[in-house]
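Trainee: Annotations for this protein, taken from TrEMBL, read as follows:
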ACT_SITE  Asp289  active site
BINDING   Gln107, Lys123, Thr222, Leu223, Trp224, Leu225, Glu294, Asp309  ATP binding site
BINDING   Asp142, Asp309  Mn(2+) binding site
DOMAIN    188-398  domain 'FAM20 C-terminal'
Amino acid sequence: MKLKQRVVLLAILLVIFIFTKVFLIDNLDTSAANREDQRAFQRMMASLRLELEPRLEHTLQSPWEIAAQWVVPREVYPEETPELGAVMHAMTTKKIIKADVGYKGTQLKALLILEGGQKVVFKPKRYARDYVVEGEPYAGYDRHNAEVAAFHLDRILGFRRAPLVVGRFVNLRTEIKPVATEQLLGTFMTVGNNTCFYGKCYYCRETEPACADGDVMEGSVTLWLPDVWPLQKHRHPWGRTYREGKLARWEYDESYCDAVKKTSPYDSGPRLLDIIDTAIFDYLIGNADRHHYESFQDDEGASMLILLDNAKSFGNPALDERSILAPLYQCCIIRVSTWNRLNYLKNGVLKSALKTAMSHDPISPVLSDPHLDALDQRLLSILATVKQCTDQFGPDAVLVEDRMTLSHL
């Protein structure tokens with residue numbers, strides 16, 4: 001064989017070797033990642049049912065100190081949290097030492113300080129479990145039980161971006177009024193035999209108070225994030241105008257996602273994929289009200305999109321607001337890990353998992369059966385949407401490998 005032919009043959013063999021090696025390594029990595037996704041799912045399913053009990057073993061720290069140490073730029077709590085039940089037990093039982101009007105916003109809430117100095121946000125019950133909120137997908141009062149359900153869905157999806165939430169019964173006469181600020185106390189009233197309050201907020205009205213059953217009020221408490229992690233507020237790129245007859249750009253511009261990809265922080269880093277994860281989360285719970293979102297300050301797009309304020313959810317189980325999924329079907333990308341988790345949850349697993357996860361809660365049953373059934377139906381719609389994307393653009397373009405190291409120091 002001539003020297004030139006040998007050189008050409010060696011070059012061809014070298015190219016084949018390189019491509020084979022790259023292909024095999026890529027497939028091995030993908031397979032390993034998929035196996036880890038499956039193991040993570042199995043770990044989540046094994047730890048779904050939380051026992052709310054006060055014991056904290058092998059530590060002298062308070063539950064508040066433990067929860068504060070969990071927070072890192074990409075997680076509010078870690079995957080394995082043996083102390084989670086004890087922290088949530090403290091949230092639902094610790095003595096209330098101060099009560100004030102909630103932080104600014106449109107909906108009624110109260111800010112409580114629990115024994116040990118921990119802040120929590122209390123959202124009162126406004127609707128019965130089977131009440132259906134009619135009208136726009138963002139209509140109605142906040143739903144306290146939606147906050148509880150959304151937190152557990154966040155656990156099940158493996159996002160771990162929602163602050164801890166648990167149901168709690170409070171006695172307004174004996175637990176709240178003696179420690180209430182003058183501002184909050186001034187909004188209390190009696191309606192029939194029931195103690196009520198209307199608080200201070202944009203839509204709070206004396207004519208629309210939240211009322212206890214006698215003196216005892218059902219609600220949810222959300223754990224305040226540590227002050228060492230200040231929040232930064234961002235306008236959601238797929239936010240609504242909330243004005244009749246005026247559409248946001250994403251509602252009429254089919255190439256809107258291309259424009260988003262050219263703007264910071266969506267032009268690099270994980271933020272756009274966080275937006276798409278959040279769209280999936282919001283579609284499942286029926287939340288069409290995420291006009292803004294929060295991340296940690298000075299993050300340059302690296303920290304997570306924090307899943308705060310999920311109470312405009314689970315209003316109407318018969319309404320599937322497809323526009324919530326716009327970031328997914330307009331961008332046609334999704335994390336591989338999210339895609340894997342969604343597939344593990346089909347065939348009724350999602351409904352069963354959420355029901356199990358919420359069964360420990362003091363206000364259980366948290367959701368009515370129609371809402372649980374709606375979750376499984378909405379999951380099918382999400383899977384179908386991703387399939388349409390992969391059919392059009394191919395799985396390599398749609399399924400994005402984006403796994404970030406989440407270290408808890």
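Along the chain as shown, residues are numbered 1 onward.
Glycine is treated like the rest: Cβ placed from N, Cα and C.
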Trainee: Tell me which residues of the chain lie with their Cβ under 8 angstroms from that of Leu223 (ATP binding site), as long as they are six or more apart in sequence?
Mentor: Ala67, Val87, Met91, Gln118, Val120, Pro163, Leu164, Val165
Trainee: Rounded to an integer, what is the Cα-Cα distance in Å between Leu225 (ATP binding site) and Asp289 (active site)?
Mentor: 21
Trainee: Test of understanding: give the count of other CB atoms lying within 10 angstroms of the CB of Thr222 (ATP binding site).
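Mentor: I get 25 for this one.
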Trainee: Show me the subset of Gln107, Lys123, Thr222, Trp224, Asp289, Glu294 whose Cα is within 10 Å of Asp142 (Mn(2+) binding site); these are the recorded positions I mean.
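Mentor: The recorded positions close to Asp142 (Mn(2+) binding site) (Cα within 10 Å), listed in sequence order, are Gln107, Lys123.
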Trainee: Please compute the mean pLDDT of the model over the domain 'FAM20 C-terminal' (188-398).
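Mentor: Summing pLDDT over the domain 'FAM20 C-terminal' (188-398) and dividing by its length gives 96.
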Trainee: What number of additional C-beta atoms lies within 10 angstroms of the C-beta atom of Lys123 (ATP binding site)?
Mentor: 26
Trainee: At the level of the C-alpha atoms, what whole-angstrom distance separates Asp289 (active site) and Thr222 (ATP binding site)?
Mentor: 18
Trainee: Could you tally the C-beta atoms, other than its own, that fall within 10 angstroms of the C-beta of Leu225 (ATP binding site)?
Mentor: 20
Trainee: Checking the spread of the ATP site as listed (Gln107, Lys123, Thr222, Leu223, Trp224, Leu225, Glu294, Asp309): what is the longest Cα-Cα distance, in whole Å?
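Mentor: Site span for ATP, by Cα atoms: 20 Å.
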Trainee: Test of understanding: give the count of other CB atoms lying within 10 angstroms of the CB of Asp142 (Mn(2+) binding site).
Mentor: 26
